[in-house]
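Trainee: Take this structure, written in structure tokens, and hold onto it; I'll ask about it next.
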Amino acid sequence: DAEMLGTPDPELAATMGFSGFGKKARTFDLEAMFEQTRRTAVERSRKVLEAREREKEDLAEKEFRIPCTESSASASSVTGAGPTLTEREAVYSESEDNSNEALSGPSMQSQSSAKGPAEDTDDDDDDDDDDDDEEFIGPPLPPGFKDSDDDNDNDDAEEEDNNPVKKIPDSHEITLQHGTKTVSALGLDPSGARLITGGYDYDVKFWDFAGMDASLQAFRSLQPCECHQIKSLQYSSTGDVILVVSGNSQAKVLDRDGFPVMECIKGDQYIVDMTNTKGHTAMLNSGCWHPKIKEEFLTCSNDGTVRTWDVNNEKKHKSVFKPRSVQGKRVIPTTCTYSRDGKLIAAGCQDGSIQIWDRNMSVHTKFHCRQAHASGTDTSCLTFSYDGTVLASRGGDDTLKIWDIRQFKKPLNSADGLPSFFPMTDCCFSPDDKILVTGTSVKKGGGSGKLFFFYRETFQKLYEIEVTDASVVRCLWHPKLNQIMVGTGNGLAKVYYDPIKSQRGAKLCVVKTKRKERQAETLTQDYIITPHALPMFREPRQRSTRKQLEKDRLDPMKSHKPEPPVAGAGRGGRVGTHGVTLSSYIVKNIALDKTDDSNPREAILRHAKEAEENPYWVAPAYAK
């Protein structure tokens, strides 16, 4: 009942970041307020100059009053305004509020100035009165006035600027269970309403923060690329389509609900010059959307090319970029990205180089760093800062580096000792561009994977979050939601948020109660009781079906769901249904046991008597 009357669970209020429930409504005498406002306005226009002079006098008086006792100080804080208050006090007494709560007019300044020195001692006494300091009545405050609350807010803001750790939203977390295998891809749409996760189990799952309740179930799960691991998922800049990059050679584009929009064409693997094939011929490694042109996206592949595509033309790529090693040989790009303005295309390659082209000129690189990372390791992520001046790279050589591409010879900063076992380990910038985030990998049973936060300017390690006892693969800090999404090696997608600093997202679904599932009534078992059975052998008749259902759910035999038939090729150790070719039919039938276990002599002689009596084949032929 108390909750119904507006005093909710304090935990809920803290989680949501609001706590203004418990206050009672205050009552106002409207006529008195209007009268008071009118008078103050007239008085104020008449006596602005006098108020200023009075303020100077008050300041002088205040210097004398400092040594006074607490009581005299608190008294002076009310009566310091002199004669102008008496006229108004008549009005105040009509209204039910204390003069401290309903402050108005120029006398405000003199009050605050008189209260200044005695503020520390005074506060405790006045706490009961001015709970609601913000709710002023009357004309706006004079220009010089500043409330003590504002000062505190500004101090907090300054403190946050000085201490960037305070900006990391990690006070709360939720865990979305994607599956049991590595979550290798994460994508959030630009508005932050939907999250998509993809993994090594070939599944892509869709999560809708606004539609989910506290049970945190995905609303859709599909396998867009059959039996290929998902490498990368990203919403386009408008959020209406999703790029899916998997372990095959053809990238796919799905719409918001997971229905296919286009599939890139597969190239001809027998042509040597990759420029002349229409698409990729080997496994894809990564892909991303153009930040400004909503129809264009980029993919890179083990065939040694980076290609741009147009959603409306799936028959051929737009352009091809071919990274080359020092000797001019083909080298495989493991990650690719656009710059923030979309004018540059960057690729990290297996020879340790980072190569950057102008989007419109595909022949020669515009910027080039040969030994960015150790040769033979997979650079797993490249990302540009929001201001576009700096490029961060996450290497397979356990390092995180940050580059100014105009001076590309050596990194601005670098951090090592960050193990990475995955070809898609992420790094990303915070929304204010001051912090760089990356995850680390761990072997099974080798501790817990962590999320590390580095200060961009100095690369000093600011903070770390222990995520789970498996590797941290993907991380994504959404600028609108101010929430951090993390994909882990054991099939979890975690969302870190702060009820005050974060918007929407996970905050929407944690407050919704779980919907009660109605279980099917058909599973109840009917008992057949023999009429003369002894009571000790008689099974008790079930009183309620619900309890029996709950027991059945705990029994692994009863609640085992039979495997659905395998469609298409076999997977998971199960052979698919046989095809339509003759050979597959024969192979399937060879295994059938057609042996006749009876006496073989009898089997042969079974027809002898019949053949003797009415010959059909041999005897008639020789009769003539």
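Keep in mind that glycine also has a Cβ here, set from the backbone N, Cα and C atoms.
TrEMBL labels come from automatic prediction, so no person has curated them.
As listed in TrEMBL for this protein:
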- 40-172: region 'Disordered' (REGION)
- 100-114: compositional bias 'Polar residues' (COMPBIAS)
- 119-136: compositional bias 'Acidic residues' (COMPBIAS)
- 148-162: compositional bias 'Acidic residues' (COMPBIAS)
- 176-208: repeat 'WD' (REPEAT)
- 277-319: repeat 'WD' (REPEAT)
- 338-358: repeat 'WD' (REPEAT)
- 372-406: repeat 'WD' (REPEAT)
- 540-574: region 'Disordered' (REGION)
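How buried are these features, and what lies next to them?
Mentor: Applying DSSP to the repeat 'WD' (176-208) sorts its residues as follows: 0 helix, 19 strand, 14 coil.
Sequence-distant neighbours of the repeat 'WD' (277-319) (same chain, 6+ residues past either end, Cβ-Cβ under 8 Å): 231-232, 234-238, 240-241, 243, 245-251, 253, 261-269, 271, 330-338, 340-342, 345, 347, 359, 362, 423-424.
Counting same-chain residues at least six beyond the ends of the repeat 'WD' (338-358), those with a Cβ under 8 angstroms from any Cβ of the stretch are 288-293, 298, 300, 306, 308, 321, 323, 325-326, 331-332, 364-382, 384-388, 391, 393, 395, 397, 403, 405, 408.
Looking only at the repeat 'WD' (372-406), the predicted model's pLDDT averages out at 89.
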Trainee: Can you tell me which parts of the same chain pack against the repeat 'WD' (372-406), counting only residues 6+ beyond its ends and a CB-CB cutoff under 8 A?
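Mentor: Answer is 334-341, 344, 346-354, 356, 412-420, 422-429, 431, 433, 436, 438, 454, 456, 459, 479.
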Trainee: List the helix, strand and coil residue totals of the repeat 'WD' (277-319) as derived from DSSP.
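Mentor: DSSP composition of the repeat 'WD' (277-319): 0 helix, 19 strand, 24 coil.
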Trainee: Count the residues of the repeat 'WD' (338-358) that DSSP assigns to helix (H, G, I), to strand (E, B) and to coil, and report the three numbers in that order.
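Mentor: In the repeat 'WD' (338-358), the DSSP-based counts are 0 helix, 12 strand, 9 coil.
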